[in-house]
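Quick look at what Swiss-Prot lists:
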type	residues	note
BINDING	79, 104, 131, 132, 133, 134, 135, 136, 137, 138, 139, 200	5-phospho-alpha-D-ribose 1-diphosphate binding site
BINDING	194, 199, 200, 201	uracil binding site
């Protein structure tokens, strides 16, 4: 079973409180979502492998450390997931970006895929799927399945706020995927939103509501 980790770093929790507030405007909301994503990346990548490399400083030659292993591809679930991309890229600027486009059918609450584009070498990379909300788990499951169908085997999921139902849904369908969240909230409401949550992340990021 993949692990589920809540990242309780004080800065993450402080910033999460700001974006939960209903009076927080789109500009501030968008900026802080990126900041939280960057802080989460620091925690998620804590165990990345390192290798020795010989370099030359202004003082002479030395052996130091650099990242080893698979390179990273960030895979945001459109559209809200785009709000987390820059925060991750600030930590790992060499990462590539793929996208999975989905929308939620407001009647069935089920996700519908409408776009998929990833780097050609994605099967040789670790994929970090990002989306601010893990509600029913439908979108995350569909995105992970789309990657697996293309041959990706190393996948992690990073979300800001998760509902218990969404965590269970992903763990049931993709037990090999580790999930990271800034918060595990109380429950999923009948309308498919998370409580207490932070509202519609996409609308708040892009100022469309």
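Placement of Cβ uses the backbone N, Cα and C atoms for every residue, glycine included.
Cβ neighbour counts within 10 Å, taken over all protein chains shown, single out 137 as the most crowded of the binding-site residues 137, 199. Non-local neighbourhood of residue 131 (5-phospho-alpha-D-ribose 1-diphosphate binding site): 76, 77, 80, 81, 84, 139, 140, 143, 157, 159, each in the same chain, at least six residues away, with C-beta under 8 Å from its C-beta.
Within its own chain, residue 135 (5-phospho-alpha-D-ribose 1-diphosphate binding site) has 163, 165, 166, 188, 192, 193, 194 as residues 6 or more apart in sequence whose C-beta sits under 8 angstroms from its own.
For residue 201 (uracil binding site), the binding-site residues whose C-alpha atoms fall inside a 10 Å radius of its own C-alpha are 79, 133, out of 79, 133, 137. The two recorded residues, residue 133 (5-phospho-alpha-D-ribose 1-diphosphate binding site) and residue 200 (uracil binding site), show a Cα separation of 9 Å. Of all the Cβ atoms in the protein chains shown, 28 others lie within 10 Å of the Cβ of residue 194 (uracil binding site). Across the structure, residue 137 (5-phospho-alpha-D-ribose 1-diphosphate binding site) and residue 199 (uracil binding site) place their CA atoms 16 angstrom apart. For the recorded site, residue 79 (5-phospho-alpha-D-ribose 1-diphosphate binding site), the DSSP three-state label reads coil. Surrounding the centroid of the Cβ atoms of 194, 199, 200, 201, where the record places uracil, the chain contributes additional residues within 8 Å, namely 132, 133, 161, 193, 197, 198, 202, 203, 204. Reported as a whole number, the C-alpha separation between residue 79 (5-phospho-alpha-D-ribose 1-diphosphate binding site) and residue 199 (uracil binding site) equals 15 Å. Taken over all pairs of the listed 5-phospho-alpha-D-ribose 1-diphosphate-binding residues (79, 104, 131, 132, 133, 134, 135, 136, 137, 138, 139, 200), the Cα spread reaches a maximum of 17 Å, rounded to the nearest whole number. Counting every protein chain shown, the number of other Cβ atoms lying within 10 Å of the Cβ of residue 200 (uracil binding site) is 15.
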